[in-house]
Amino acid sequence: MAMSKMKKIVTALCLVGVGVGALWGSQWIMHKTSTPEFCASCHSMSYPQQEWEGSSHFANAKGVRAQCSDCHIPKEGWHYVKAKFIALKDLWYEAQGKIENKEKYEAHRAEMAQRVWKDMKANDSETCRSCHSFDAMELSKQTKLAKQTHTEAQTNGQTCIDCHKGIVHFLPEVHGDQNTQKSSAVQGGTLSDGSAIFATEMVKATNDKGNEVRLMPYAELMQWKVDGDQIQGTLHGWQQVGAEAVVYQELGKRITLALMDEDARNHVQVLKIVHDAVTDSDWKEISVAVNVAKEKMTSDLTTLNQYGNQLNQTQCSGCHAAIGADHYTANQWIGVVNSMKDRTSMKKDEVRALTIYLQRNAKDMAKQ
C-alpha cells in the first residue's frame, strides 16, 4: 500500500517535471527563435536584414535598437502564440525555395508587406505601442506636421501602421504602367447624348478664333456637338481678375479647368463679375466656345472618378493610409498633393489628374 502511494507520488512528480521541462523548453525555443540571429539564419532573410541594418531602428542617436521580434512578434498573450505558429510557414517557404533569391523576394515583397500591415492594423499596431505611446508624446516638441498628424490620428482612431510604412523595410514598388491602366480604364470618345462630357487628360483645344485653350483633366463641356473627329462645346468657369490665364471650376476654389493663351483671354463671354470676400478680389464668371478632339472627351464620369481614386489608393498608400477626398477642402488639396508628390512615381499628368479628382470630391464640394 505504501509502495503504491509512493509510486503515485513519484509518478506525479515526474509528470510535473515533464510539464515544467516542456514549458521551460517551449519558452526557451520561442525565445531563441525570436533573435535576429535566428531570423537571419535563413538565406532569404538576408535581404530584410540589410534593410533593417540601414534604418534608424537599428542605429540612431539615442542608442536604442529594435530587434526583429520587437516589431514582428507581440509581447504576450494569444497574439504572441499565434505569431510564432504562423511563422512556421516561413520555414516551409525557405525549404521550398519560394524566395530563394533577390528576384523572387521582390516578386513577393508586396504580398508579404500587405500581410504584415493587415496584421498590425488588426492588432492596433501592438508592437509599435510597446515602445511608442500617444500618452508619452510631447506634441509641443514635434514638428508642425508631426503634431498635426498625431493629433488627427488620435481623434480619428488611426493606428501607427496607417502612416508609418516603409520606415525599416523598403516599400513594394507599384508595378504596372499607370498610363496603360488609364488608357484601358478611361476611353475617350465614349459620349452620351444629352449629358455633359469631360476631358480624360490635359488636352489642347482652341476657341472659335483658333486661340489655344488647354483643357485640364475633368474639364467639363456643355452644349456640345460632334463635328467629324472634333467636338464643339462650351466651357463654363471662373477667372480671377488680374489672373485671367487660368479658368477655375468654381468661384474662389482653385480647381483648374483650363489654361488660356493671351489671345484666348480676350475672346470669352463675361456673364457677371463678383467680389469674393475670402480672396478679397473680383472674379468673372465666363463661358467660351471651344473645339477639341473627340477622342479626348468622355461622358463616363464614373470611370474617370475610378481612375482618380485608383491613383489615390495605389500611389498615396505607400507611406500612409490613403486619405479620403473629403478629408480636406478643394484649396487645401493643392498643398497636400504638392508636398507629397515627389515621394511617388507619378508623372505630371497623373499628379494633375489626382489633384483635380481630390479637389472635385473635397469636403467643401457638392457630390460629383
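Yeah, the Cβs are placed from backbone N, Cα and C, and that goes for glycine too.
Positions annotated as topological domain 'Cytoplasmic' by Swiss-Prot: 1-8.
What Swiss-Prot lists as transmembrane segment is 9-25, and the listing cites sequence analysis.
Annotation comment: Swiss-Prot describes 26-368 as topological domain 'Periplasmic'.
Cβ contacts within 10 Å of Cys42 (heme 1 binding site), excluding its own Cβ and spanning all protein chains shown: 16. The heme 1 binding site annotation in Swiss-Prot covers Cys39, Cys42, His43.
Under the three-state DSSP scheme, His72 (heme 2 binding site) falls in the helix class. Summarising the annotation, Swiss-Prot assigns heme 2 binding site to Cys68, Cys71, His72 and lists similarity to another entry as the type of evidence.
Annotation comment: Swiss-Prot describes Cys128, Cys131, His132 as heme 3 binding site. According to its DSSP assignment, Cys128 (heme 3 binding site) is helical. The local packing around Cys128 (heme 3 binding site), expressed as other Cβ atoms within 10 Å of its Cβ over all shown chains, amounts to 18.
Look at Swiss-Prot and you will find Cys160, Cys163, His164 tagged as heme 4 binding site, backed by similarity to another entry. According to DSSP, Cys160 (heme 4 binding site) sits within a helical segment.
Cys316 (heme 5 binding site) has a Cβ environment of 21 other Cβ atoms inside 10 Å. In the three-state DSSP assignment, the secondary structure recorded for Cys316 (heme 5 binding site) is coil. Per Swiss-Prot, the feature heme 5 binding site maps to Cys316, Cys319, His320.
Annotation note: Cys42 (heme 1 binding site) sits in a coil segment as assigned by DSSP.
Candidates Cys71, His72, Cys160, Cys163, Cys316 (binding-site residues) were compared with Cys128 (heme 3 binding site); those inside 10 Å Cα-Cα are Cys71, His72, Cys160. For the binding-site residues listed here (Cys68, Cys131), the lowest count of other CB atoms within 10 A around the CB belongs to Cys131. Separation of the C-alpha atoms of His72 (heme 2 binding site) and His164 (heme 4 binding site): 14 Å, rounded to the nearest whole number.
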